[in-house]
Amino acid sequence: MLEHFRAGWAKVMNPIADALLRAHVTPDVVTWIGTIGAVLMALICFPQGWLWQGPWLVTLFIFSDSLDGNMARKLGRHSQWGSFLDSTLDRFGDAAIFTGVALYFAGPGNSVLWTAMACAALVFGMATSYVRAKAESLALEAKVGIATRADRLLVSLVAIEITGLARVGAFPHWCVVALPIALCYLTLAGAITVVQRMVAVRRACES
């Protein structure tokens with residue numbers, strides 16, 4: 001869903017990318033800073049129950065996912081290393097978000113069920129990325145699916161924010177169910193996406 005908005009978002013990031021390049025900041029540095037920042041914010045904020053603050057801080061660093069590629073294009077660099085680094089570090093950022101949520105439910109959230117569901121959402125999210133990466137290593141394409149990385153990030157961070165605001169009284173208390181509902185959706189959507197991509201690869205292999 002959100003993949004269709006990447007081109008427009010890249011234009012928004014252009015001025016920031018230009019400013020960083022003028023400051024002699026490299027795309028790789030932006031990638032590392034973004035990943036380390038997102039991981040730290042997710043693993044510090046979410047386990048502590050800082051659910052309405054955490055998503056804003058994580059999102060701030062996730063912006064680098066658009067910036068590094070934008071900067072590389074402006075420099076005329078389309079290196080395999082840059083693509084590999086970006087894709088690899090993205091997995092750490094994604095894992096940190098769901099690990100942070102699992103730790104929240106294992107601590108302040110006090111729910112074994114939702115701790116397990118957060119772990120399941122993490123596993124299926126990683127599986128969707130692995131299936132695509134493996135397919136591409138075989139010169140095949142597996143970008144299909146109802147839950148891309150951008151979709152997973154949006155759903156998870158918005159749900160965490162809503163639950164956090166409900167916990168502090170900014171939203172009606174029943175809105176605390178937003179995060180559990182999102183975990184159910186992400187687990188199911190992740191499983192479906194894995195199947196969709198496996199089917200796509202199977203068909204490509206047989207064609």
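Cβ atoms are placed via backbone N, Cα and C, with glycine included.
According to Swiss-Prot, the active site, proton acceptor annotation covers Asp90, on the basis of similarity to another entry. Taken from Swiss-Prot, the feature CDP-1,2-diacyl-sn-glycerol binding site applies to Asp28, Val29, Val30, Thr31, Gly69, Arg73, Ser79, supported by similarity to another entry. The annotation Mg(2+) 2 binding site is assigned in Swiss-Prot to Asp65, Asp86, Asp90. The annotation Mg(2+) 1 binding site is assigned in Swiss-Prot to Asp65, Asp68, Asp86 on the grounds of similarity to another entry. The transmembrane segment annotation in Swiss-Prot covers 21-44, 50-67, 88-106, 112-131, 152-170, 176-195 and is backed by sequence analysis.
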Between Thr31 (CDP-1,2-diacyl-sn-glycerol binding site) and Asp68 (Mg(2+) 1 binding site), how many Å separate their Cα atoms? 6
Longest inter-residue Cα distance for the CDP-1,2-diacyl-sn-glycerol binders Asp28, Val29, Val30, Thr31, Gly69, Arg73, Ser79, rounded to the nearest angstrom, is 15
For the transmembrane segment (152-170), distant same-chain residues with Cβ under 8 A (at least six beyond the ends): 2, 46, 49-56, 58-59, 62, 94, 97-98, 101, 121, 125, 176-179, 181-183, 185-186, 189-190
Between the transmembrane segment (176-195) and the stretches 50-67, 88-106, 112-131, work out which stretch tops the count of Cβ pairs under 8 Å. 112-131
Measuring Cα to Cα, tell me the gap between Gly69 (CDP-1,2-diacyl-sn-glycerol binding site) and Asp86 (Mg(2+) 2 binding site) in whole angstrom. 9
Sort the recorded positions Asp68, Asp86, Asp90 by C-alpha distance from Val30 (CDP-1,2-diacyl-sn-glycerol binding site) and give me just the closest. Asp68
